[in-house]
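Working notes, beginning with the structure itself.
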Amino acid sequence: MPRTLDGQITMEKTPSYFITREAPSRVFSMSRSTKLIVVVRDPVTRAVSDYTQTLTKNPGLPSFQNLVFKNSTTGLIDTSWSAVRIGIYSKHLENWLRYFPLAQLLFVSGEKLVTDPAGEMGRVQDFLGLKRVVTNKHFYFNQTKGFPCLKKPEGSSRPRCLGKTKGRPHPHIPQEVLRRLRDFYRPFNMKFYQMTGQDFGWD
């Protein structure tokens, strides 16, 4: 990490940290006062999105339902598939709580980042001890993307929007498959809500 002077905050973003078994001890040994921000979204939507992204790189991929079930007759979910495993947030959080107190973690709702980006960014700024400078006036909703974008920063020729890998249409997945996946995640979601003290409203 770069040298951080008094009055500065250094930030780094790597999605795989939250799910990597060795990451908490390594971050702790680097700096036990590190604040951690985790963006989470409905694990069913997350799994479908993960599959969609992989599908664009590998069009010959088996169907979502072929990958999600260990046994489609019994409906047994295959937790060895990373698209499923990543969404078991409570298990990953247990690993982090061995090293960091809950007060050093902020859980940001991926859904609220879309519906209320300024509100979620306000929570982030408060958590980091920053003045609230990012507000509603910095965002506009991009109808094509289906996401909020940052308005044009001063000195820039265009607004900042999420890249082309975001906001892609998802393939059709049978409702029964999604229902079984929701049933699978429900107890893990409830545990995650209890652990974080936050109800994310996932069905």
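Each Cβ is built from the backbone N, Cα and C atoms, and glycine gets one as well.
The shown structure was predicted, so the numbers you read here are calculated from the model rather than taken from an experiment.
Taken from TrEMBL, the feature 3'-phosphoadenylyl sulfate binding site covers Arg41, Ser49, Lys166, Gly167, Arg168, Pro169, His170. With a 10 A radius on its CB, Arg168 (3'-phosphoadenylyl sulfate binding site) counts 14 other CB atoms from all the protein chains.
Per TrEMBL, the feature disulfide bond maps to Cys149-Cys161. Counting every protein chain shown, the number of other Cβ atoms lying within 10 Å of the Cβ of Cys161 (disulfide bond) is 16.
The domain 'Sulfotransferase' feature in TrEMBL is assigned to 30-186.
Summary: among the binding-site residues (Arg41, His170), the fewest other C-beta atoms within 10 A of the C-beta are counted at His170. Each residue contributes its Cα atom, and for Arg41 (3'-phosphoadenylyl sulfate binding site) and Cys149 (disulfide bond) those atoms are 18 Å apart. Residue density at Ser49 (3'-phosphoadenylyl sulfate binding site): 19 other Cβ atoms are found within 10 A of its Cβ, drawing on all protein chains shown.
Around the Cβ of Pro169 (3'-phosphoadenylyl sulfate binding site), a 10 Å sphere holds 7 further Cβ atoms from the protein chains shown. Between the C-alpha atoms of His170 (3'-phosphoadenylyl sulfate binding site) and Cys161 (disulfide bond), the distance comes to 19 Å. Every protein chain shown contributes to the tally, and the Cβ of Cys149 (disulfide bond) ends up with 18 other Cβ atoms within 10 Å.
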